[in-house]
Amino acid sequence: RAKTGLPLSTYFTGPKILWLFENVPGLREKAASGEVLFGTIDAWLTWKLTGEHATDVTNAARTLLCGLETLVWDDELLALFDVPRAVLPRIEPSIGGSFGAIQSEACASLAGVRIGAVLGDQHAATFGQGCFSPGEAKATFGTGAFLMLNVGCSPAVSTRGLLSTPFYQRAGEPPVYALEGAVAVAGSLIQWLRDNLKLGDSAEEIAALAASVPSSEGVIFVPAFNGLFAPHWRSDARGVLCGLTAFHTGAHISQAALDASVYQAAEVLDAAALDTGVSLKELRVDGGMCVNDAFVTHLANILGVTVARPLSLESTALGVAQAAGLAVGVWPSLDSLAGLWKADRRFFGEGMSSEHRTELKRDWAKAVDRAIGWVDTPVDREV
């Protein structure tokens, strides 16, 4: 973690490349002879569009092969995962890096257009949410949930299970860093209720079912289907449903499923506050789950902060488009971009007493304790 800002986990690229080398016959030999290249999806897209084998600092830093502060491929890490440097893409600044110009026949109408920016998806969403000052944060609630907090020009190495990452880097300038909390299961839990438990035919029906009861009435759903990500990073955890009685119905379970994303976000925010000493005043949110006013209201109540929902929930696409525009002079500065962000609605965390908030978060922590250690697998280690 000291080198990369990341825990040692198969979630990241390095272990996946090692697995491929160990399980695909002849792959290592082809890599040694220059017949194989590797990269994250952005590098593959850049290669197909421009012929350049390049990635940006945000994607490189998510591989377990790149130094967090140096932002270059690290010899010690390459040796650890037995990955030859020659197969990896060139690392460029996110905004204004040398990614080449489009020459793909499939995009002939765009021939010659330069790739102005490349960003990881959550980094792009944070950019699109206008979180350009240290202490500003956003959370995306889609299939999973991802919170990112701008920490400025010096990396903050988390001691509480968050990921340290470059937020972005402009060509010729030092990088800006962030802390990120990745939650594996958020909106996908609603899909699971629909497809596996048949509690409704759509996410909207599940939301309506949840809204038919005032609360989960003590039911806690920890959706650790494949372990827990931030801030726990426990691959030995599995999903648990706690607090059930004969009184409870599918409506209470549906409400508990929505609550799960709220409590996981609260865990990540609490960890970020302890890591940085920053007490968040406002959280900007996006993603499909945030169209649900009841969900965002409960989020604000549990967090105890203002939650701001923007006019556009497609922050990832917006962010990388704005970054590319910044690279080519469509916008002259970050300040001009920050002024474009507009709130659709702000939700104020005033509908719950601090005592009740503490009680609910304590019950969640008890349920998480029951989920951890459910299967006999090695506990994730750190690098």
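Backbone N, Cα and C atoms are what each Cβ position is placed from, and that goes for glycine too.
These numbers come from a predicted model, not from an experiment.
Some features that TrEMBL has for this protein:
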type	residues	note
DOMAIN	1-128	domain 'Carbohydrate kinase FGGY N-terminal'
DOMAIN	138-327	domain 'Carbohydrate kinase FGGY C-terminal'
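Residue counts for the domain 'Carbohydrate kinase FGGY N-terminal' (1-128) under DSSP (helix as H, G, I; strand as E, B; rest coil) come to 55 helix, 13 strand, 60 coil.
Mean pLDDT across the domain 'Carbohydrate kinase FGGY N-terminal' (1-128) comes to 95 in this model.
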